[in-house]
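**Student:** This is the structure I have questions about; it appears just below.
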């Protein structure tokens, strides 16, 4: 079955493109992205001594490039470099990410620059991952639209590659975390950041050469997309500035204000189906608050900070659970391909939301120490629940969104529209991180001795269970009543305005 699937994908899309897909998703989105994320906790905690809400605010900054995908897509669609809309942007991104890795590895940021400079350099590494991810996604979105009968096959291949890269990254972290200076991991990340340049320069990314000029005609023809993309990019950069220099209340106030404006503009200006889908993906991301500034430190707190706590080592928390999670992620991709890839969008979204909420009980059980009362160790329970169950559910929830975004991209501006949809969803994750920083403060979580995790279970309940459940009814209001194999581009209409709030499909 697997052999037939791989052969079918290769026959439909070409082996050279699959090689680029592997380079992008194993090498960049897998290795570079996961190594950088995994190294964030030890680098900022142990090298820079940054914790709690401040740690989360800097994490928001470091991960903002995924919210800038609209700006990246606009730039690549309108200003080709050397006659190509994607090739040399990927090359420049690889060089930029490699340089940032070198600086993170050699600069003594604990002595000058501190968290702000470190987060800015991680931002550049993340910018490479976001650029490569977006531009390769733009290509496979175009291929999927041209061959709708393939359903989600190409998406499953991409995210299967990603899980392979994640597994390798987790293994590398397992060998180094806690045993060497966190800077060493940035040297390990360097070759993975640079390798994507090779197949792209070899011409394996399917892309026609164009004239070297500013394509103002595309801007005029798609003014709405470009306007919203510019607004979203400005909003994301503003959030980065507020996260660096403002407190958690300022971050939350800014996030909610710009979110209201962007949601209103999306519903008003975009085609009905596109605007609704974009709004749903944003709200679903926003209502799943990121509280890693509390959870990461609970699981890795020492005996002085949290007597009787899990006290996970970095190698266990970041590496072994990551490797198991990657295997579980591959299982999630396989389950999606087998059970949901040709299902209805609405069914997929509300089902996976319910599963995601149920999976959040794992953290509550460990925080309350209920697993210890029945004789199950923290490590065993976390591996079975936190690493395996949550990762399977995450991939089941994530894959329908990727398919929906890919199927809504009109021909000619795939990168821009894909960037707009994906960027808005990712901006939702950034907003969720900013709101999560405020929630950590409001619930009185303290990650520095004397530590206080007394209300962490209630924080998890509110952030990971109550708020996500509010998106279930939105599934029926905002998600198209269609199967994942249907052609959604042909169904896009120019209708906009407030009528889409109550309009019917």
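Heads up, the Cβ atoms here are built off N, Cα and C, so glycines get one too.
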**Student:** Would you please say which range out of 184-205, 272-293 has the annotation transmembrane segment in TrEMBL?
**Tutor:** 184-205
**Student:** Does the transmembrane segment (225-246) reach the transmembrane segment (184-205), going by 3 or more CB pairs under 8 Å (6 or more apart in sequence)?
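**Tutor:** These two stretches do not touch.
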**Student:** Ranking 157-178, 380-405, 417-444, 456-479 by the number of C-beta pairs under 8 Å to the transmembrane segment (15-35), which range is first?
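**Tutor:** Most contacts with the transmembrane segment (15-35): 157-178.
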**Student:** Does the chain bring the transmembrane segment (348-368) near the transmembrane segment (380-405), so that three or more CB pairs sit under 8 Å (pairs 6 or more apart in sequence)?
**Tutor:** yes
**Student:** So what's near the transmembrane segment (315-336) in sequence-distant terms, Cβ-Cβ under 8 Å and 6+ beyond its ends?
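**Tutor:** Distant contacts of the transmembrane segment (315-336): 34, 38, 41-42, 152, 156, 159-160, 162-164, 166-167, 169-171, 173-175, 177-179, 296, 299-300, 379, 382-383, 386-396, 399-400.
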**Student:** Check for me, if you would, whether the transmembrane segment (380-405) reaches the transmembrane segment (157-178) - at least 3 Cβ pairs under 8 Å, residues 6 or more apart in sequence.
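**Tutor:** With 3 or more qualifying Cβ pairs, these stretches touch.
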